[in-house]
């Protein structure tokens, strides 16, 4: 039995390919492929291209979300990969993200969300 409700990766990616960070169609495909890789269920994807550069996007999942915000001028991307349930693995999404953005360094904050005391959960 799960001792927590969800797994949440907060990702800091530096030294990314600036062209990939500014490629809105590529980012949308990366989000969709990330959802498939981690075993989640896609509800919808929304992206937005900024002028003169940069993008933001979110994949809304039945199990939570994957979100990205890019800064091509710094070679930087900030991402959240938050999944709930035993059947999902956010680290599988990270493999897809790494392949597309090609970061030179990655900082990962790995959170367990909805921690349950002794494996039980009670709403008050």
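Backbone N, Cα and C define each Cβ position, glycine as well.
Note that this is a predicted model, so its numbers are computed, not measured.
Here's what Swiss-Prot has on this protein:
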ACT_SITE  64  active site, schiff-base intermediate with substrate
MOD_RES   64  pyruvic acid (Ser)
ACT_SITE  69  active site, proton acceptor
ACT_SITE  84  active site, proton donor
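A strand conformation is recorded for residue 69 (active site, proton acceptor) in the three-state DSSP classification.
Cα to Cα, the residue listed as 'active site, proton donor' and residue 64 (active site, schiff-base intermediate with substrate) are separated by 7 Å. Sorting the active-site residues 64, 69, 84 by the number of other Cβ atoms within 10 Å puts 64 first.
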